[in-house]
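As structure tokens, the structure follows; a few thoughts come after it.
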Amino acid sequence: MSKRILVVEDTEDNRQIVRDLLTSVGYEMIEAVDGHEGVEVATRERPDLILMDIQLPVLDGYEATRRIKSNEATRHIPVIAVTSYALSGDEDKAHAAGCDGYLAKPFSPRQLLALVRARLG
Amino acid sequence: MSDVVPARRGLFAKYIGGMITVVTLVLVVNRGIDVWVSYQDTRAALSRIQQEKAIAAAQGVEQYVSEIERQIGWTTHAQWAAGSIDQRYYDFNRLMRQVPDITELVDLDGNGRERLKVSRVAMNVIGSDADWSEDPRFKGILDKRVWFSPIYWRRESEPYMTMSLARAGRRSGATVAEVNLKLIVDVINAIKVGKAGYAYVVNRDGRLIAHPDISQVLRNTDMARLSHVQAALRARQGSRDEAPRATVGVNLANQNVLSAAASIPALDWLVFVELPLNEALQPLYASLIQTGLLLLFGIALAAGAAWVLARHMIVPIRVLSAGAARLGGGDLTHRIAVRSGDELETLGSSFNRMAEQLQESYANLEHKVEARTQELARSVDELTASGEILRLIAGTPEDLRPVFQSILQHGTRLCEANFSVLWTIHGDVFRLVALHNIPPALASHLDQDMQSGPDTAIGPAMHSLTPNQIEDTRMSPAYIAGDLLHRAFVDQGGVRSMLSVPMVHQGELIGLLSIFRHDVGRFADKHVNLMSTFADQAVIAVENSRLLRELRTRSEELSESLEYQTATSDVLKVISGSAFNLVPVLKTVAETAATLCCAAEAALFLREGDTYRWAASVDSSNPFLDAVREQHFLPGRDSLIGRIALEGKLMQIEDVLDDPEYGRKDLAQQGGVRTLLGVPLVREGIMTGVMVLTRHHVEAFTDKQVEVLRVFADQAVIAVENVRLFTEIQEKSRQLELASQHKSQFLANMSHELRTPLNAVLGYAELLIDGIYGELPDRARGVLERMQSNGQHLLGLINEVLDLSKIEAGQLKLTLDTYALSAIVQTVVAATESLASAKGLKLKAVVAANLPAGVGDERRLAQVLLNLVGNAIKFTDQGSVEIVAVARGPTFEIAVSDTGPGIAAEDQTRIFEEFQQIDNTSTRRKGGTGLGLAISRRIVAMHGGALIVESALGRGSTFRVVLPVKVDKQQEAA
């Protein structure tokens, strides 16, 4: 059974790119467009990995991650934070929120794929 | 007078020393040469004798050996050999009895076979037929008649020698004899050399063969260790022609000996003859002792002679010396008595003459000194008087009377006059201002002013401006002409002679000094001069007093003006101190103006459109002031401010109660205001306000006060203007700051917004290139790749704009943490290596060992270094790029050097500005935004460091980052 990856991202284009990329190499991708939905889908679907954008409407990525990580049922799912401002301190914040990895925007699809493969094999 | 210097060494000692030195020198040189010559002679003679003795000894030894040879000789005759063996045996025994030196005799036949051996130390053998044909003792005589073996030793102590004698006829055998050389001693002992001399023999190796002390021989002593023996052995081996000489050496008993050697060629021995040096040189010593005695005798004789001579010279010199000492000590009556009849006596006489002359000179001098002393006393007297007068001038400069009194008193006394007077000029007449010792009868005549007609007694002095004296008053023209005052002086005052000295200042007569005597006669020149001096001093006193008065007036004026200036500068200080707050400045102006111009109150009013309103005033509870505070003044005749507004010039109302047009009389009465002054405040020809001063009594403000008030008014204008400008500038800069913040915020937002779609474009492009959407034709792939690289470049530009705007908006925060500088350098090298090698450049990094851990924003510092290295690679076409990182005390220094085109001095500041590159063509050629250096510089500055460039055209460039190792807080980015 192929691995499932939850991508929480509000920009359609970015979702499209990630979708095309991941499906082309055989992953299954599920999507959420804001932080709140992201938490919901994660709880419901229990994906193998979550790519969490940080700047999200309704609930931002840090908060969403905190919620996922405070839930017994979803705690184990690795979360990779994707930040758009590559500001110093973002990485620390991401770790503080419970993220397991960190990817600064702009990233190239190759970079993303490498990171995902490192997590899921 | 200094004392006579005592002689350090007396003449006496010098004489004796000199004589002895000379005699000793002569004797020593003379005898020295003598001794040396005789030594040389003696040496030569001794050497010769010694040599002869050696030769004789050698001959003796040789003879001894020859004797043995001869003894054996007869056994070599052919007929003897042909005899029976018994016969030969018998003969050998006989021979050995006769010659004790022979120890063994052997008879050999022609083939070297032993026929017979007779020995003292072994068995006698007959016909042993032993084969000697290869023995050197036999072979030795094959080519000569006699053969001597080298010395050899038996029982390690006795010298032996083999002697082989060939028999007559060819190969007819030989007689071999072993000879004990111990017995040569007798020969040696027989040789007599002096008393203690001796001779000895050595072989060619220096081994002792014979010596008077036989034990030395028995001990087989090696004489070659003695240096002179060795030398003789060497000489024997050397040239035969060289005449051997006697030498000095050391013998076995460690004695110095004179040694001579002679050789015995046949045996190759050397005979030495030695004589102890003491004995050899005995005659020389005798001669030396004789010389010494002669020297002592000579010295004694010289000392005696010198003593006699010196005594003869010294006695008169001592007399001279003692005499000269007494004369020198001041006893000029002393005479020196030397009767030696020579130069010393002449010297004595010269001293005596000198003493006489000195005596005379002294007598003259004493007279002169006495006269001078008297003169000096007078001068001192005069100087004392002068000094006292000057002291008075200096002490009481305002009051002239004590000075004049003192001048008259001293003048009268010093000029031996009876009384004196001093007049000063007042217009045309002279008025008496001081007098001394006036006869009472004259007193009534001195109240009147004195006219200065030419016929008066003082006329000549006044007109010529020089001292004038009348030797006999009764004969003077003034007396004859009937000058009343003069007649009174003469007839009632008893004046018979007088001296008048004018007091002149810069060619102007200002007074007159007269002294009078009761007797007829001339005043001496010195008296005239003295009085002239006193007159000059009187002038000084008068001038002094005048100047002092003037000075006082001036300084009063000066202090007043200083007060004004101080006030002005105080006001200016307040203006410059509070540029943004007008009220305290205007209040200070008002207070200062009121104080300085003796006004009761002062207030300032400023114009607002057509009206004037109160702005500031002195603190006061005056109802008048309270009232005007609330009022608006319009141009009009009813108020001072209104009038000034109409006419635009300074105005004064001397008494408001007396002014028919003034409309606030009741208010003025309430406040007690009488006089009003208004000064307009004018800026660039436009009135901006009025300053008003009040007085509670009627008194107009003086011109000077008005002048000062105008200055204050100007200052008030400046203050108002200052505040206006300051407020304006503040407002403008606030707006500017806001605008700048808006711009930065806008840029930050915009770059972020630009990045989002660009990321999507780049992401799709990459997916396309990676074939996610199916295989692409090559052309399309090429286009996509170019699209991607352009997009990356655009992203880079946007990122830099974002960085810069963040810095400008103050949004960029450093993450301060520990970092390793070497790791940063490694990262940057790893990231740029491929770029450098693509351009064929060498990229080197030199990082000092043991760099301390730094504290700063690692990512930002890496960004700076990446930018610098990237630039260096971008702008360098060949050569190398080098990174050097070191720590110097509390700072890191990271230098990035390249071999690129370099940067001209005038461009070196420009490159750090935003959007600047050296020129636009290079921007186009090399790419980039021109923001990198601006950002780098700011990042370094935020770390509290500096980014410096060192470069010249054609010399490459070095960018140097200097930053603190430990950054504890983020700095403002300049």
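Each Cβ is built from the backbone N, Cα and C atoms, and glycine gets one as well.
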Quick one: sort out which of B:12-33, B:254-275, B:672-693 is the transmembrane segment according to TrEMBL.
B:12-33
Checking distant contacts: for the transmembrane segment (B:284-310), what same-chain residues at least six beyond its ends satisfy Cβ-Cβ under 8 A?
11-12, 15-16, 18-20, 22-24, 26-28, 31, 34-35, 38-39, 42
Counting only residues 6 or more past its boundaries, what in the same chain has a CB within less than 8 Å of a CB in the transmembrane segment (B:12-33)?
291, 294-295, 298-299, 301-303, 305-307, 309-311, 313-314
Just to be sure I understand, if DSSP states are collapsed into helix, strand and coil, how many residues of the domain 'HAMP' (B:311-363) fall in each?
39 helix, 0 strand, 14 coil
